[in-house]
Amino acid sequence: MKHSLLFSALLTLVFSVSAQTSNKGKIFNMQGPGAASWDLLEHKALFITSKADHKDLVNITDSIDLPVFKKTFKSYNSSHFLKVDKTLPKLSYESLESAFNAGKYTSSIDEVKVGDVYIAKIRESKSFAWIKITHIEDDGKSKATGGNNNDYIEFEYTVFSNIDTHGTFNEGLELFKKGNFIGAYDKFKAAAVADPNGYEAYYYMGLCKMELGDYPAAITNFDKAIDIKPKYTAAFSKRGMSKSKEGFRDEAIADFTTAIKYDSSYAEAYQNRAHELFLLSRYEESITDYSKVIALQPDNFQAYFGRGQSKAEFGKHVEAIADYNKAIVLYPNFTYAYFYRGFSKSYLDNFSDAIKDFNKAIQLDPNDHPAYFNRAYCKREEGDYEGAIKDYNKCISLKPQYEEAYFQKANTLYMMGDKTAAIKEYDEIVKKFPNESAAYANRGFFNMNIKKDKEAMDDFNKAITLNENNPEAYRYRAVLKSEIKDKEGACADLAKAVALGDQESIVLQKDICKK
């Protein structure tokens, strides 16, 4: 089965050199065909699959709101907004910065009206925007009553950037935009030397190191940024991501929690904390955090997917399927959502529908070996043994070291009634993986089932010799010893398996050893 992927992307900042040019933009109802998000630095509309870190303005009309068009916008990144009077004495970087810092800013704006004016602090850049709402289109209808979900908010805006004082920093931003992270790092480092209190320089040095895979150095730079600016939400979040990459899960969670403390609407921190909690098997808490992300970002298909995974691991497969459904509605080509929805359906014994999902996953990614493996299992459960064998063979061709595919192929041959082919397959597995304990344990289990007790015992003994901490080998050998009336030996093996954490052996121990 696939490992969960962490679907949280790094922030990629784009610097606008046309800093004082008037621009126009639109954000549409997110339930319609238009783009619901806008990038204030790139001056372009963004659709659902674009990075959340670039989404400065987002309309959050959800399907449950229709036919009402919510006249709201919010940021999906660290951009913040301040509603102001329609005029300032002089529009400049300095005047916008002063007014913004003197006011009470927020990451979301409700009840937008034509003529409203806002100052936006754009992410972690040295840029502010002067935004004026110029038009709101709202037909007041749902699609069922003749509407088209093409409602939108239109606006004009001008970006003001501090490009004179921080030339080196801005050169770093340009290099960062182009993917030259080494060159960008050198520029940010020079900017930090010139201005030791410039927390943004250390923050971007951290981002560069993240992109380069040097997470300890990234953490060091985020530490410095936080030392200078103790309530630096974005730095806590990115430091948490870096700590996660280094395996420091508890510390990562602590950083995400601090980011949320300083900005309770910072969706990235909730989403990353949810993933960490999932990896720690803290599924209820993970579900709570993913639900918060969905409340903040109703079009975040990755959050629905993550919540679905947490629900599935928690045993709530019906609810998980509902979340996978929503993820697929939002992003119809989301391979992982089809795969995991298929997995949940197979868990519920809905094998025919599971096969359809695995078919789609394979269509989107023909090299997805776990999809072939799981489809093979479903086909076998449906009685399509030939189809299962073909899928196991395909899985093996894509990943020749995937032992479980060999085992299940052998089991399928046995279920087809071809005992000779099954025996041959198990022998081939042992030849292919001569130092793998599981290969002998599985062949032993097969030999035990076909009443070849001596061969089975030899295999279990070999499996334990290769790995004395293989609980299945002890459990299988215990069952065989029980069958040949060696109760004392069976109970000793079960005790060892239980000590190794094997839950199935606890049940067998009660049945075999307590008589």
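Cβ from N, Cα, C; glycine included.
Computed from a predicted structure; not experimentally measured.
Positions annotated as signal peptide by TrEMBL: 1-19.
A Cβ distance under 8 Å defines the sequence-distant neighbours of the repeat 'TPR' (199-232), meaning residues of its chain 6+ beyond its ends; these are 10-11, 13, 124-126, 169, 172-173, 176, 179, 181-182, 184-185, 188-189, 191-192, 238-239, 241-243, 245-246, 262. If you look up TrEMBL, you'll see 199-232 (among others) marked as repeat 'TPR'.
Helix, strand and coil residue tallies for the repeat 'TPR' (267-300), in that order: 27 helix, 0 strand, 7 coil [DSSP]. Marked as repeat 'TPR' by TrEMBL: 267-300 (among others).
Per-residue confidence over the repeat 'TPR' (301-334) averages out at a pLDDT of 97. Sequence annotations record features per position, and here TrEMBL assigns repeat 'TPR' to 301-334 (among others).
Note on the repeat 'TPR' (335-368): residues 1-2, 5, 301, 305, 308-309, 312, 317-318, 320-321, 324-325, 327-328, 374-375, 377-379, 381-382, 398 of its chain, located 6 or more positions outside it, place their CB under 8 angstroms from a CB of the stretch. Positions annotated as repeat 'TPR' by TrEMBL: 335-368 (among others).
According to DSSP, the repeat 'TPR' (369-402) comprises 27 helix, 0 strand, 7 coil. According to TrEMBL, the repeat 'TPR' annotation covers 369-402 (among others).
Long-range contacts of the repeat 'TPR' (403-436) within the same chain: residues 369, 373, 376-377, 380, 385, 388-389, 392-393, 395-396, 442-443, 446-447, 450, 466, each at least 6 residues beyond the stretch ends and with a Cβ under 8 Å from a Cβ of the stretch. The feature repeat 'TPR' is assigned by TrEMBL to 403-436 (among others).
Feature annotation from TrEMBL assigns repeat 'TPR' to 437-470 (among others).
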### Query
Can you tell me how the residues of the repeat 'TPR' (199-232) break down into helix, strand and coil by DSSP?
27 helix, 0 strand, 7 coil
### Three-state composition of the repeat 'TPR' (437-470), taking helix and strand from DSSP
27 helix, 0 strand, 7 coil
### Task
Tell me the residue counts in helix, strand and coil for the repeat 'TPR' (403-436), as DSSP assigns them.
27 helix, 0 strand, 7 coil
